[in-house]
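Worksheet: the structure to be examined is printed underneath.
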Amino acid sequence: MNCYKTHTCNELRKNDVEKEVTLSGWLYRKRDHGNLIFVDLRDFYGITQLVFNNDKDFFDEISNLKLESVITVTGIVEARTEDTVNSSISTGEIEVIVNNLRVESEVEFHFDEEIAKEERSILASITGEQEYPENMRFKYRFLDLRREKVRNNIILRSQIIAELRKLMIERGFLEIQTPILTASSPEGARDYLVPSRLNPGKFYALPQAPQIFKQLLMVSGFDKYFQIAPCFRDEDARADRSPGEFYQLDLEMSFVTQEDIFQIIESTLYRVFAKFSRKSVDKDFPRITYKEAMLKYGSDKPDLRNPLLISDVTEIFRDSGFNIFKSNIERGMVVRAIPAPKTAEEPRSFFDKKIEHAQKEFGAKGLGYITFDKDGTAKGPIAKFLDENRLNHIREATNIEPGDSVFFASDKENEAANIAGKVRTLLGSELSLIDDNIFKFCWIIDFPYFVYDDKSKKIDFFHNPFSMPHGGLKDLEDKNPLDILAYQYDLVCNGIELSSGAIRNNKLDIMYKAFAIAGYSRGEVDTRFGALVRAFRFGVPPHGGIAPGVDRIVMLLADEPNIREVICFPMNQQGEDVLMGAPSKVEDKHLRELSLKVIE
């Protein structure tokens, strides 16, 4: 028999009345009624009310015991009177009359009064659920995790990972672990480097993704691979990105097309989202090309809950009387229009605030706008420069109704798309156009294979260098590199990128040619990707994969705005683990063993 408990704090019911039971847990709440003290005892599973009578010799002990101390009690289960039943907890029809108390661990505050004050305040948050600054919460994460909301997020994370693993195994995937200490690779972010003691001056890298290893598994003859993979990237924190470490459902398949990958992911994620959320889940996963996404949504991560669509109205303003846009177009710029439904009667301040916000927050040089009154009359700073024919074309292009308005952004194509996309998001939110009770997915496909880097003044890979280009070797040899598309795809949900993937290049000549266009010599490719080059000489199946982010999936399903809320021991925005004190300095002796010297 377990000496600490016969039941959990979520088990006892009316049919347990008169039983002697033993319970263990944390002293969650305490109510002193003079001759009686009522205690809510909490364990991982729930809460049970305990009753301490003043005729017991441990009455003073429980009276003086601090909240969150750990105790073990033995007592008799009694039914509560009808007027004291607590329907908010599953054990609310009973209470335990305590006959024996043993204190397992008592809370002791720090001797420094300032630190003790901090400890008391964070301890109080467990029962009050009030919020505290992030660094304080993370410093006392072991207490923060006792809060119901935070604990439930971690439980949900565990359940989601278990479900993902189950679904992958059901679909015939093998779970295989790939190395954590590996070589640096050009994934697009900075590597975390680990010095080698046995090889002075050389470094391992923590994997940004198991990219090459999973491709090597396909070359090895494994047909379907997956793992819940830890990945490491030295990136700044964002609301949807944790600094340093994250997890992804990493998978790869042989002899597949892009659509085969899509079908696996769609069926898997639909089941997971439908199971773990009360929100509705749209079964449709539309395919949107990168070019279309940037035009219509101003982003390659479009939120399809937002009904607003951006339109290209460059030709409408070409040779128009509005000289600012006319001049921009003559210099190769574009004009994008963003509809704003039912805003024509808003005061001037409404439009001025949007313009000011776009300038300060989005880097826009400015925004133009036209309002269309309910009688169809066009007004605003731009309207007087346009004839009725051009105004009608704007109405048609933006599909607006009388009483609507239209905002305009003009700049170079990429900048105009970015600004218009952010204005679209702003309007969707402020005009309450976004349905918060649904998940909408989409695939972004046909990404550019290459991009011109203005800083380095050279062509570079737009995304994944190991993907298959449309048209294969022929397009690499015959086309303008900036016109070549890739079999690369992103999965987006409610404006958040959940995963990236690609059909991989499985031909050595294509690999050499693609890297040559990006400025890599054959020797550099052989040196940096030696394992992959060797493998590609020995029969490579067509293969592809994807890696949905586990943290982001949990964040969406937990309905949390910040990804750190679904990570058990997160870093803060500065990439610091304030609980463990990492990163930290190391002893000079250790540095010498690693042939390292810190430059101040």
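Quick reminder: no glycine exception, Cβ is built from N, Cα and C everywhere.
Annotation source Swiss-Prot lists site 'Important for tRNA non-discrimination' at HIS33, citing sequence analysis. DSSP assigns HIS33 (site 'Important for tRNA non-discrimination') to coil in the three-state reduction, outside any helix or strand.
Taken residue by residue with DSSP, ARG504 (L-aspartate binding site) is part of a strand. All protein chains considered, the CB of ARG504 (L-aspartate binding site) has 25 other CB atoms within 10 Å. Taken from Swiss-Prot, the feature L-aspartate binding site applies to GLU187, ARG233, HIS463, ARG504.
Look at Swiss-Prot and you will find 211-214 tagged as region 'Aspartate', backed by sequence analysis. For the region 'Aspartate' (211-214), the model gives a mean pLDDT of 95.
Here Swiss-Prot flags ARG233, ASP234, GLU235, GLU497, GLY549, VAL550, ASP551, ARG552 as ATP binding site. The Cβ of GLU235 (ATP binding site) lies under 8 Å from the Cβ of ALA189, ARG190, ARG241, PRO243, GLY244, each of these being in the same chain and 6 or more residues away along the sequence.
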Same-chain residue ranges lying at least 6 outside the region 'Aspartate' (211-214) that approach it to Cβ under 8 Å: 178-179, 182, 185, 187, 225, 250-252, 464, 466, 529, 531-532, 545
Euclidean distance between Cα atoms of VAL550 (ATP binding site) and ARG504 (L-aspartate binding site), Å: 22
Residues in the region 'Aspartate' (211-214) grouped by DSSP into helix, strand and remaining coil: 4 helix, 0 strand, 0 coil
For ATP: widest Cα to Cα gap among ARG233, ASP234, GLU235, GLU497, GLY549, VAL550, ASP551, ARG552 in Å: 19
Euclidean distance between Cα atoms of HIS33 (site 'Important for tRNA non-discrimination') and ASP234 (ATP binding site), Å: 55
CB contacts for ASP234 (ATP binding site) [other CB atoms within 10 A, all chains]: 14
